[in-house]
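Asker: Pasting the relevant annotations from Swiss-Prot:
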ACT_SITE  203  active site, proton acceptor
BINDING   66, 67, 105, 135  3-methyl-2-oxobutanoate binding site
COMPBIAS  8-21  compositional bias 'Low complexity'
REGION    1-22  region 'Disordered'
């Protein structure tokens, strides 16, 4: 099977038959990709317009991340963002992406109290936002929540290693799983898989350890700063496209300079308006 078709793109037409339309990516498609050795990309998305572009590009999974706290709302960390701030973003992404699996982050404070709190938060994202799955941070400590959500029919993406919501207790942005801590990271990965998570994000984990965990688990692993051997990779789209300000994390590669292009376009637009060049005759009725 070609990579193009694995992503749910239109199937080639047989002689005398129309092409088959793309289908919505589901969790079992990701499992099949892992089994067949196909790697896949995930990006964050926070609005209809970018979700539409990423969906057209064939990105199979879109994450409405709590990173919206930083890139949408301007908070310093992901801790302050609320469910009420995230649900409208999820709605827009779901409308813009008819083919991608849309995953919503459960924000800090919405699930730590226990399974009942996690179910209440996840249910809101599924019912009010239209999300197809939710993501929550933590390993063994949230296994009970993951099991409760999956038993209720809610697909869960886990997140281990560096967990941004715990930045204050982790002592800042630090690689996790080095040395003796590797065993705990492995235990976390096994715990979330056994609890029923359909995939697990591994953030800022040594590449060798991430490779080991990917080999141990039957569910897909998704790396962000976890080396090239995870089943999938994820980046915040503003980091990937050159929209973020300041120094990028080591694991980020900029694939474009969208920020620079927007600044140039806005500057040129303002200049032409001030000079009376825009609107020209061709823009008038």
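We count from 1, first residue shown onward.
Backbone N, Cα and C atoms are what each Cβ position is placed from, and that goes for glycine too.
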Asker: The record names 66, 67, 105, 135 as the residues that bind 3-methyl-2-oxobutanoate; what is their largest Cα to Cα distance in Å?
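Answerer: If we measure all Cα pairs in 66, 67, 105, 135, the largest is 12 Å.
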Asker: Between the Cα atoms of residue 135 (3-methyl-2-oxobutanoate binding site) and the residue listed as 'active site, proton acceptor', what distance do you get, rounded to the nearest Å?
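Answerer: About 13 Å separate the Cα atoms of these two residues.
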Asker: Near residue 66 (3-methyl-2-oxobutanoate binding site), which residues of its chain come within a Cβ-Cβ distance under 8 Å, counting only those 6 or more away in sequence?
Answerer: 78, 81, 86, 105, 106, 107, 108, 164, 165
Asker: Around the Cβ of residue 105 (3-methyl-2-oxobutanoate binding site), how many other Cβ atoms lie within 10 Å? Please give the count over every shown protein chain.
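Answerer: 30, counting other Cβ atoms within 10 Å of residue 105 (3-methyl-2-oxobutanoate binding site).
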Asker: In which DSSP state, out of helix, strand and coil, do we find residue 67 (3-methyl-2-oxobutanoate binding site)?
Answerer: coil
Asker: Going by DSSP, is the residue listed as 'active site, proton acceptor' sitting in a helix, a strand, or coil?
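Answerer: Once the DSSP labels are grouped into three classes, the residue listed as 'active site, proton acceptor' ends up as strand.
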Asker: If the 3-methyl-2-oxobutanoate site is taken as the center of the Cβ atoms of 66, 67, 105, 135, which further residues of that chain fall within 8 Å of it by their Cβ?
Answerer: 44, 63, 64, 65, 68, 78, 86, 104, 106, 107
Asker: Using DSSP, would you call residue 135 (3-methyl-2-oxobutanoate binding site) helix, strand or coil?
Answerer: strand
Asker: Might you list, by sequence position, any residue in that chain lying six or more from residue 203 (active site, proton acceptor) with a Cβ less than 8 Å away from its Cβ?
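Answerer: Within the chain, residue 203 (active site, proton acceptor) has Cβ neighbours under 8 Å at 159, 160, 161, 162, 163, 164, 176, 223, 224, 225, 226.
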